[in-house]
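Below is one structure, written out as C-alpha cells; comments come after it.
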Amino acid sequence: MPLLLLLLAPLFLRPPGAGGAQTPNATSEGCQIIHPPWEGGIRYRGLTRDQVKAINFLPVDYEIEYVCRGEREVVGPKVRKCLANGSWTDMDTPSRCVNRTPHSERRAVYIGALFPMSGGWPGGQACQPAVEMALEDVNSRRDILPDYELKLIHHDSKCDPGQATKYLYELLYNDPIKIILMPGCSSVSTLVAEAARMWNLIVLSYGSSSPALSNRQRFPTFFRTHPSATLHNPTRVKLFEKWGWKKIATIQQTTEVFTSTLDDLEERVKEAGIEITFRQSFFSDPAVPVKNLKRQDARIIVGLFYETEARKVFCEVYKERLFGKKYVWFLIGWYADNWFKIYDPSINCTVDEMTEAVEGHITTEIVMLNPANTRSISNMTSQEFVEKLTKRLKRHPEETGGFQEAPLAYDAIWALALALNKTSGGGGRSGVRLEDFNYNNQTITDQIYRAMNSSSFEGVSGHVVFDASGSRMAWTLIEQLQGGSYKKIGYYDSTKDDLSWSKTDKWIGGSPPADQTLVIKTFRFLSQKLFISVSVLSSLGIVLAVVCLSFNIYNSHVRYIQNSQPNLNNLTAVGCSLALAAVFPLGLDGYHIGRNQFPFVCQARLWLLGLGFSLGYGSMFTKIWWVHTVFTKKEEKKEWRKTLEPWKLYATVGLLVGMDVLTLAIWQIVDPLHRTIETFAKEEPKEDIDVSILPQLEHCSSRKMNTWLGIFYGYKGLLLLLGIFLAYETKSVSTEKINDHRAVGMAIYNVAVLCLITAPVTMILSSQQDAAFAFASLAIVFSSYITLVVLFVPKMRRLITRGEWQSEAQDTMKTGSSTNNNEEEKSRLLEKENRELEKIIAEKEERVSELRHQLQSRQQLRSRRHPPTPPDPSGGLPRGPPEPPDRLSCDGSRVHLLYKVNPQHCPGNGSIRDKDEAERHNQDEDTGNSHLDLIVGGVPTGESN
C-alpha cells in the first residue's frame, strides 16, 4: 500500500482544476478516473474511498473492475485497463448491471464439436475440457447471450477424416440443429468446412493449421483461432537468416496440411535466397527418407508431421545418428511437452534413446497463451486459466494432448459467443432470433459470418482477430529442447518483422552448426621435390645439348663429321633442348602461377614439346628414311640416288615441322587450351570436426581435347612406328654419305618405345599429378639423353682418341693415306695407281716384243750351225748337242727386269719351271700390279724347239 500511494502521489497532489479540460487521450499522466454506474460500482484495487475521491487520474496499466449489487450481473467489459495513450480498454462497449435471468428460461443453442482424443494429434484431451470451461464462463455471464445458453454435442474424430465423416453425418441429420461446427485436426476440418457451406453452417476450428484452409473460395464459412501453419514459415526463415543458413532439408508426412505448409515455405525461402536442397516425404514409414537425409548430408532439417509420426521419425533418426552437434531439427510446437517419452508400441527405441535424439531441436508454435498475463474478456489472466484448466485434467499437462492449444479452444467459444451475441442483439442492438436458425436460413448465417469476421477481443491466448481468410493473427513462440524440457528462446511478430530474442539458446557444439559440411577446396599440387629433381636433370640435359651442338659446329670441317650430316644433327640437338625445356612448364601449376597465367603455360607446354619432337625426331627420321630409300632399291635405280642432295633432307624436316606448326596453330586458334578443374571425392579429416576436404586438380584442356590429341598422337604414332621399321630394315646397310645411321636407328628405337609407352600411361594417370609428371618428364629426359649420347658421344670419342680433329693434310702425312678405313678414298687412290701401272705395262709390253724378236733370231742361227741329230739307238728321240743355259734361268737371267720373280719358285737347276705360278705369286705380293701380271702371264714361254 505505501508503494502504491507513492506511485500515485503526483496524481493525488494534482490541484483539482489543473488540466481538467484535457481529454483522456491527451494526457500523458494516465487515464482519467471513471465513475461507477448508478446500479453498480467499481473496485479500485489498493485505494480507499477517500483516496479515490482525491484523485482525477490513474496510472498506465492500472486495472479497474466493475461490480454489481444483489442479483444483478455486469453486462459489457468487467475489467478495464489504462492504456499508454490515456484511454481505457473497450470504451466502445458500455458496462452495465442487469438482472440475472434464470437458466431455466434461457433457450439452448447447440454446438457440434469433433474432438480428436487419439490419433495423429490427440488435441481433444485438453481442448475439450477447455471448451467446457469456456461454456460455463460464457453461460454464467448475463451480458453475453442473456437469453441463450450454449450447449455442446461432441464426438471423438480420432483425427481421422473417415471417422469424422460418420460423426458429421450424425451431427447434421440428428436433432437438435447445430448453429456451428467445431472440428479439430486439419484433415477433419478440411472435410467439415468443405461440406458445411451446403448446410449454411459456420465452421470454427481451434486446432487446424493447414494453409489450404485459408482458401475462401473453397471454404467460404471457415474460421479458426489456431493460426495457419504458414505463420511458422516467416519465423523459420527469420531464424535461418539469423544463424546464416542457406541450405536446408525437409521431411514431411504426406498430408495436405504439411504439403501446403512446405509449398509455402519453399516460396518464402526462395525469396530469402535460401535453398531447399533435399525434400523427403513419407506416408507411414519414415525409415527410407531418414536414410536419404543422412546420405545426402542434410544438416538443417524441417520436420512436418503429427506427433505419432514424430516418434517414428526420431527413432529412425537415432538409428542413423542424424542428431548431435552437427544437426538442427525444426519441429512443430504443438506436440505434448513429453511427446518423445510417451510409450509407443510402433517404435523399438527406448525413452533414453529418444531423449538423446531430440535434444536441442527447435520448435516454432503460435503464441497460444498471452505472455503479458493480463486479464482477458473472461476476467481471467492466462496464468489463472492454466491453473483452472490443470485442475480439470485427469493427467499431468505434459502427458495431455492439446494442452498448448487449449487456450485457443477456450477463446474459440468466446469468439463464437460474442459473434452470436452481436447477431442476436445482445449488445443492445436489434438482432435476430437464434432459435429460428435452420440449415436453409442463409440470412442468419451471413450475420454470424459478419460478426465473426469483425471479432476483436483480448483472450487468454492474446488478442483475437481474424484476417480476410478467417485465420488468426498471432505471434510465434520459439522454443528449444534443453535438457529434456522446452525453454523459450524468443518471440517473432511477422506483421512487424520483429524478433525478440532472449539469448538463452544452447548448442551441443557451443555454437549453431553449419548448414552443410564445411567443404574446404584444396588443390593437389605437384611435389616440389620431384619438380626440382626433374628440373635439374632437364637443365643438365639442355647443357649437354648445347655442348653437343657446339662440338658439332666447331668440328664441321672434319670429313668424318661432314659425312654424318651435321646440320641434321644440329637440329636434333636443338629439338632435344626444346623438349627438355618443356619439362619446366609441365611442372608449373597453381602453386607457382595464377589463374590468368595458366593458359600461357598450357600453350608453352604444347608448343615446346611439339616442336622439340618434330625437330629432334624429325631429323633422325629423315636420315633413316634416306638410307632406306637409297640402299633398298633395285640395282638399276641406285646410281641416280647415290648423289645425296642436302636440301632434300632439310625439306623433309621442314615438312614435318610445318605439319606440327600448322596443327598447333589451328588448335590454338579454334580451341585454345585453358585451365580446367578436376574435382575428386570428398575426404574426411581424421579430427572430429564438421569439415570435409574437396581435392581439386588443375589441368590444361580444351572443349575438343580428345579429338586434338587423337589427331596429334595419330600421326606422331605412325611416324614412330615407321621409324622403328626403317631402322630395322637398314641395320645392315653401310654408307659413307650418312656414317651414323646405325646410331640414329638406335636412338629411334629408344625414343619410339618411350613415347609409345608414356603417352597412354600419362593419360591413364592424369588424375595423379605426381605419377603423370614423373612419367612424362622422365620419358622426355631419358629420350633426350639417349639421343644426345648415342649420336654425339661416339663422334667426340673418335676425334679425341684418334686425333681426327686435325686438318685433312696433316692427317694424310701422319697416317699415309687421307683417311683410314675410308673405302671411297681408297678407291680413288687405286684408280690413280692403276693408271700409272697401265703406263708401266705398256712399256713392258714393248720390251717383251723386242725380246721375242731377238729370241727368234738366235734360234734361227743355232739351227744353221748344228745339223739334225741321228736317232737314239735305244729307240728314243735323236739326241742333239747339250742345250746351253737358258736366259730365263734364275741365274744371270734378265727376266727379273720384266717380272717380279721370287727365288723360291726356282728349282734346283735355277730355271723357271712354272712361269704362271710366278705370276700368281707376284699377284699375291702386290694386288696393285694385277693388270701387269695378267699381261705378262699371256706371254708364250716355250716357242723353242
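Glycine is treated like the rest: Cβ placed from N, Cα and C.
Bear in mind that TrEMBL entries carry predicted annotations, made automatically and left uncurated.
Per TrEMBL, the features are:
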| type | residues | note |
| --- | --- | --- |
| TRANSMEM | 530-555 | transmembrane segment |
| TRANSMEM | 567-586 | transmembrane segment |
| TRANSMEM | 606-626 | transmembrane segment |
| TRANSMEM | 647-670 | transmembrane segment |
| TRANSMEM | 707-727 | transmembrane segment |
| TRANSMEM | 747-765 | transmembrane segment |
| TRANSMEM | 771-793 | transmembrane segment |
| REGION | 806-831 | region 'Disordered' |
| REGION | 848-887 | region 'Disordered' |
| COMPBIAS | 868-883 | compositional bias 'Pro residues' |
| REGION | 901-945 | region 'Disordered' |
| COMPBIAS | 912-924 | compositional bias 'Basic and acidic residues' |
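Of the Cβ pairs linking the transmembrane segment (530-555) with the transmembrane segment (771-793) and spaced 6 or more residues apart, 3 or more are under 8 Å, so the two regions touch. Under the criterion of 3 or more C-beta pairs below 8 Å, with sequence separation of 6 or more, the transmembrane segment (771-793) and the transmembrane segment (606-626) qualify as touching. A Cβ distance under 8 Å defines the sequence-distant neighbours of the transmembrane segment (747-765), meaning residues of its chain 6+ beyond its ends; these are 616-617, 620-621, 624, 709, 713, 716-717, 720-721, 723-724, 726-727, 771-772, 775-776, 779, 782-783, 786-787, 790-791. Same-chain residues lying 6+ beyond the ends of the transmembrane segment (567-586) with a Cβ under 8 Å from its Cβ atoms: 534-535, 538-539, 541-542, 545-546, 548-549, 552-553, 601-602, 604-605, 608-609, 611-620, 622-623, 646, 649-650, 653, 740, 773, 776-777, 780-781, 783-784, 787-788, 791-792.
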